[in-house]
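Asker: The feature ADP binding site is assigned by Swiss-Prot to G151, V152, S153, R154, T155, S156, K157, T158, with sequence analysis given as support.
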Amino acid sequence: MENPVIIYVISDAIGETAQHIIRAVTAQFSLNKPADIRRHAFIRDESALLETLEEAKATDGIVVQTLVQAKLAEYATNFCVQNNIPNVDLLHTLTAAVEAKTGLKSKQDPGNMRRLDSNYFDRIAAIEFAVKYDDCKDPRGLLDADIVLVGVSRTSKTPLSSFLANQNWKVANVPLVPEIPIPAELFQIPAERIIGLTTTPEKLAQIRKVRLRSIGLDEASSYSSEKRILEELEYGYDTFKKLGCQVIHVEDKAIEETAALITEIITSYH
C-alpha cells in the first residue's frame, strides 16, 4: 500500500504502553512507509473519545486503546464494531482475567499508573545520578553506583546509562583510553557491579566515522583508524581482565537488548 498505515493510540493516561507495543509489532513488517502513529492521550470523556474515533474512521485507521475506564473502553469498542474499524483493546482482556483470578475489581483509575510515589522519585534520582557521573566526571560516584559501565569510546555507555536510569538503576560509566589511567575507585567496588562493553573493530570504525562526519571532521582521523581501534580494544580487554568483570558485545544489539542483558547479569548476583 502506498499510504502509511495510520494507527490511533487512545488512552486515558499517557499512552506510551500502546506506543511501545505498536512499534514492536510494526518493526516486524517490511512497510513501504513507517506507520503513522497518532497518540491521543488523557482522553477522559466520551466527547473527546468520539472526536478521536471519528478521525480514525475518516482516515481508515486502526485503533489501539489503553482506556482504563471500562465505560470508555466499551464505548470505543462499540463504535469500532459499528464502523468496521480494526480495534485492539490492550488492557481489558487482561484486566478481566486478573479480576476473575483474584476476585477483586479493577480500580479503573487511569492516573494510578503514574502516581508520584517513591518509585517515581527513585527514578528521578537515578536519572540525575547518571547525568552527574556520566563519562567518569567524578570517580567518587563509582562507589555508589548500582552498575558501572566500562568501555572504549562509542560503545553505547551513555545511552545505556540513561536507559537503565529510567529503570531506577544508578549507573556510572568510565571511558577507557590507553593514555589515561583508570580510576582507582574501579578496584574498590565488587566486580559483579561492573560491566565491560566492547564491539568488533569493523563496527567501531563504522560508528566512529559516522560520528566524525556528524561533527564535520575528517573520517581519516586516527580516532577511526584500524591501528588506533585495535589498540583501544586490546586495552579494553586487558582492563576487563584486571577488573574481573563480565563483558558484553554491543555490536548489532539495540540499547534495549543490551540493557536487558546487563540487568540479567546484575540481578543474577542478588
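Cβ from N, Cα, C; glycine included.
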Asker: For the binding-site residues listed here, S153, T155, T158, which shows the highest count of neighbouring CB atoms within 10 A?
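Answerer: Buried the deepest by this measure is T155.
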Asker: Centre the Cβ atoms of G151, V152, S153, R154, T155, S156, K157, T158, go out 8 Å, and tell me which other residues of that chain have a Cβ in range of the ADP site.
Answerer: N173, P175, L197, V250
Asker: To see if you understand the setup: which same-chain residues, six or more apart in sequence, place their Cβ under 8 Å from that of S156 (ADP binding site)?
Answerer: L197, V250, I255, T258
Asker: Counting Cβ atoms within 10 Å across all protein chains shown, which of the binding-site residues R154, K157 comes out on top?
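Answerer: Result for the most crowded candidate: K157.
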Asker: Can you give me the same-chain residues 6 or more apart in sequence from V152 (ADP binding site) with a CB-CB distance under 8 Å?
Answerer: P175, L176, V177, T198, L204, E232, L233, Y235, G236
Asker: Please classify the secondary structure at G151 (ADP binding site) using three-state DSSP.
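Answerer: Going by the DSSP assignment, G151 (ADP binding site) falls within a strand, counted as strand.
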Asker: Which number gives the other C-beta atoms within 10 angstroms of the C-beta of G151 (ADP binding site), all protein chains shown included?
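Answerer: Within a 10 Å radius of the Cβ of G151 (ADP binding site) lie 26 other Cβ atoms.
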